Amino acid sequence: MSPHRSGNLSVVPVQRFVLEGFQGGLQTQALLFALFLALYMAAILGNLTMIVVITLDARLHSPMYFFLKNLSFLDSCYSSVIHPKALANFLSSSKAISFEGCATQLFFFSLMATTEAFLLAVMAYDRFLAICSPLHYTITMCPSACARLVLGCYFGGCLNAILQTSLTFSLLFCRSNHIDHFFCDVPPLLLLACADTALNELVLFGICGLIIVSTTLGVLVSYAYITVTILRMRSGAGRHKLFSTCGSHMTAVSLFYGTVFVMYAQPGAVESMQQGKVLISVLYTVLTPILNPLIYCLRNKEFKDALRKALGFGQAAL
């Protein structure tokens with residue numbers, strides 16, 4: 001690749017990056033490797049369990065569990081986009097990632113994270129229809145409608161991923177090839193660019209802000225109607241069950257949207273990368289995929305019954 005010239009300086013484009021998100025000696029790296037490996041395995045095991053149980057049990061073949069299965073698939077995928085490389089870097093002295101590998105990681109991470117943001121809003125809409133319009137729910141949320149909603153989430157995620165990745169990697173990186181993060185993400189990459197990144201920061205803030213604000217408003221409006229409907233119910237047991245189900249969703253939504261907003265949708269997100277960067281990133285890339293199965297399913301009697309049934313079949317087969 002030929003060097004670019006700027007004045008009297010020759011600038012050689014970066015051909016690989018170094019991920020420096022976690023510092024420390026061999027013992028620290030080994031401890032982090034063990035911790036991340038345990039968290040990654042817990043995330044994969046929990047989400048795959050959800051997918052398998054929902055697929056096998058006919059009682060869970062409803063729109064709510066269809067969306068939950070897709071949520072588990074997304075969590076498994078975007079954990080797998082980040083964790084294997086992070087785990088390899090804990091055991092490596094170079095911690096390098098190729099230019100193409102970094103672009104690929106950013107694309108798929110943006111795709112999965114954006115799709116999940118849309119899917120959480122769709123799940124709130126599903127709960128709104130189920131509780132506030134039960135007579136029309138089966139017709140409105142038919143299998144084809146559910147499939148179209150999920151495909152729409154992926155389409156929106158793909159558009160954002162293409163936009164963010166193409167704008168970021170059209171820049172020339174020459175200040176350094178050391179990314180102060182444990183995976184390739186837009187804010188730390190923009191800090192390495194030679195050119196003016198004002199447009200990139202505006203797009204990052206504008207698009208991510210629009211996605212988060214619009215999906216959050218959709219969730220809040222849905223749950224405002226749900227709350228009013230539940231409070232009008234005469235059955236105390238019914239109110240408790242519905243509040244418990246909806247509370248699980250709101251917990252997951254608050255955790256995901258809150259951390260993503262801090263990272264991407266506030267002014268100065270790029271300049272403030274150093275402030276709590278690792279903790280916040282770990283929350284939505286590591287802990288959220290683990291917590292979603294716990295939040296949604298271990299408090300859900302239907303799923304727990306289906307899980308016991310699946311484990312019973314497994315023991316019988318043995």
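The count begins at 1 with the first shown residue.
In case you wondered, yes, glycine gets a Cβ from its N, Cα and C as well.
Remember, predicted model here, so these are calculated numbers, not experimental data.
Here's what TrEMBL has on this protein:
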type	residues	note
DOMAIN	46-296	domain 'G-protein coupled receptors family 1 profile'
TRANSMEM	30-54	transmembrane segment
TRANSMEM	106-125	transmembrane segment
TRANSMEM	145-163	transmembrane segment
TRANSMEM	202-226	transmembrane segment
TRANSMEM	247-266	transmembrane segment
TRANSMEM	278-298	transmembrane segment
Chain residues outside the transmembrane segment (145-163) and at least six past its termini with a C-beta under 8 angstroms from it: 63, 66-67, 70, 106-108, 110-119, 122, 203, 207-208, 211
Maximum Cβ pairs under 8 Å to the transmembrane segment (106-125) - stretch from the list 30-54, 202-226, 278-298: 202-226
Mean of pLDDT values spanning the domain 'G-protein coupled receptors family 1 profile' (46-296): 84
Residues from the same chain, set at least six apart from the ends of the transmembrane segment (30-54), whose C-beta lies under 8 A from its own: 22, 24, 60-61, 65-66, 68-69, 72-73, 75-76, 79-80, 83, 86-87, 90-91, 286-287, 289-290, 292-294, 296-297, 303, 306-307, 310
